[in-house]
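Structure first, then comments.
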Amino acid sequence: MAHKRLPRFALEYLEGGAEDEAALLGERRAFADWRFLPRTLVDVSGRTLATSILGQSAAMPLVASPTGLNGILHAHGDCLLAQASQQADIPFVQSTMSNDTMEEVARAAPGVRHWWQLYVFGGDEIWQELLRRAERAGCEALVLTTNAQIFGDREWQRRNQIGNARLSASAALESLTHPLWFAENPLSLGLPKFANIIDFVPKDQRSFFAASNWVRAHQPTSLSWDTVAKIRQRWNKPFILKGILCPDDVRRALDSGADGIVLSSHGGRQLDWTVAPLDLLPVAREIVGEKIALYMSGGVRRGTDLLKACALGADAVWVGRALLYGLCAAGAAGAARALAIIKAEALDAMGLLGANRIEELGPHLLAHAGRVA
Ligand SMILES: Cc1cc2nc3c(=O)[nH]c(=O)nc-3n(C[C@H](O)[C@H](O)[C@H](O)COP(=O)(O)O)c2cc1C
């Protein structure tokens, strides 16, 4: 349904990765390489996916991962994803590059576990102001994305844009052939705004693509563990680092004051040819023990993926595209449906695996590349 509804440039934005898309494909392949060793004849009549995320109960070990530009996928996509997350009783992470303001999201989905994802750009006063606003808007946790200070080379983008400010004529014309999408985003009215950060962008750069490119160009490549320490000092609630993909950095994160980390390659959209976050999980779990929360993000499409990640050591998976497909297809109801599908699949698969609770999952239920020890 999403494929039918979206114009080419928006669909490529949703699905694409960087360069050869090797990291993107590798994330799915990593899931395929792990096979289940199911236990049978186990009473699984009392099974539940209920768990705790950052010390609070959640219906399943899943977090709605931050995604920018949701407004081009569906009008008010951020509010709708937050509503679907609230209904499903899981946290929703809002991106710095979202299109609805954080205050609008808080109003649209009262009671949602609302987390704010920070991209550092421009001077320190910008992130400091965003943190103050997130605090006032009731955000429960802060997520610093660490692996996107240099923008991944997404070649499809060059096909769809002219210079850094406009859609190419062919991409604009093609979008006319998607009436449902076009009705929400008439090109004459312009594309949605980056509502949370647009005031920081120079006035002559505030159109959709120009603003997005301006922010990218002003993300300091000096971002470092020193910046992490400065941000940690200013934020008193839970703090999570997203974009860790190396055992040494997992170790380093333990001393950074972070309450959790997300192993992630940004959905294969940044550095290409990275290891799959799933494959790093066992080592990362060994390093963090129970000291901080350990999450993974990348390639989760089905309930069985969620179970594999939890069995390899994740406290929860952070899901991007699988929810976005639902959002594009049918707004909040579509995102809620995507979550319901993953949940139903995971619950049945857990039963077929012979487990009743997420905590019962472990590497003993998996064989790599089908090899049984
Ligand atoms: C369309 C799209 C936009 C994204 N925007 C952001 C973002 O603004 N901030 C961020 O930290 N991660 C962003 N990501 C990465 C996601 O949070 C997540 O890590 C990734 O999508 C996981 O892979 P999956 O899509 O296979 O679930 C984005 C991913 C996609 C697909």
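Just so it is clear, glycine is given a Cβ too, placed from its N, Cα and C backbone atoms.
According to TrEMBL, the feature domain 'FMN hydroxy acid dehydrogenase' maps to 1-371. Taken from TrEMBL, the feature glyoxylate binding site covers Tyr13, Tyr119, Arg154, His266, Arg269. Among the features that TrEMBL reports, FMN binding site is placed at Pro66, Thr67, Gly68, Ser95, Gln117, Thr145, Lys242, Ser264, Gly320, Arg321. Residues annotated as active site, proton acceptor in TrEMBL: His266.
Everything TrEMBL records as a feature, shown here on the structure.
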residue	record	DSSP class
Tyr13	glyoxylate binding site	helix
Pro66	FMN binding site	coil
Gln117	FMN binding site	strand
Arg154	glyoxylate binding site	coil
Lys242	FMN binding site	strand
His266	glyoxylate binding site	coil
Gly320	FMN binding site	coil
Within 10 Å of the Cβ of Gln117 (FMN binding site), how many other Cβ atoms can you find? Include all protein chains, please. 23
Between the binding-site residues Arg154, Lys242, His266, Arg269, the one whose Cβ has the fewest other Cβ atoms within 10 Å is Arg154
What is the total of other Cβ atoms whose distance to the Cβ of Tyr13 (glyoxylate binding site) is within 10 Å? 21
In whole Å, how far is His266 (glyoxylate binding site) from Lys242 (FMN binding site) when you measure between their Cα atoms? 9
Rounding to the nearest whole angstrom, report the longest C-alpha distance spanning Pro66, Thr67, Gly68, Ser95, Gln117, Thr145, Lys242, Ser264, Gly320, Arg321, listed for FMN. 17
Around Gly320 (FMN binding site), which of the listed binding-site residues (Tyr13, Arg154, His266) come within 10 Å, judging by Cα atoms? His266
Whole-number Å distance between the CA of Gln117 (FMN binding site) and the CA of Arg269 (glyoxylate binding site)? 17
List the same-chain residues at least 6 positions away in sequence whose Cβ sits under 8 Å from the Cβ of Pro66 (FMN binding site), in sequence order, or say none. Val93, Gln94, Ser95, Ser98, Trp115, Gln117, Val143, Thr145, Lys242
Same-chain residues at least 6 positions away from Tyr119 (glyoxylate binding site) with a Cβ under 8 Å from its Cβ, in sequence order, are Ser95, Thr96, Met97, Thr145, Ala148, Val215, Gln219
Packing count at Gly320 (FMN binding site) (other Cβ atoms within 10 Å of its Cβ): 21
How many whole Å apart are the CA atoms of Tyr13 (glyoxylate binding site) and Gly68 (FMN binding site)? 10
When the Cβ positions of the binding-site residues Gln117, Arg154, Gly320 are compared with the atoms of ligand 1, which fall under 6 Å? Gln117, Gly320
Measuring Cα to Cα across Tyr13, Tyr119, Arg154, His266, Arg269, which the record gives as the glyoxylate binders, how far apart are the two most distant ones in Å? 19
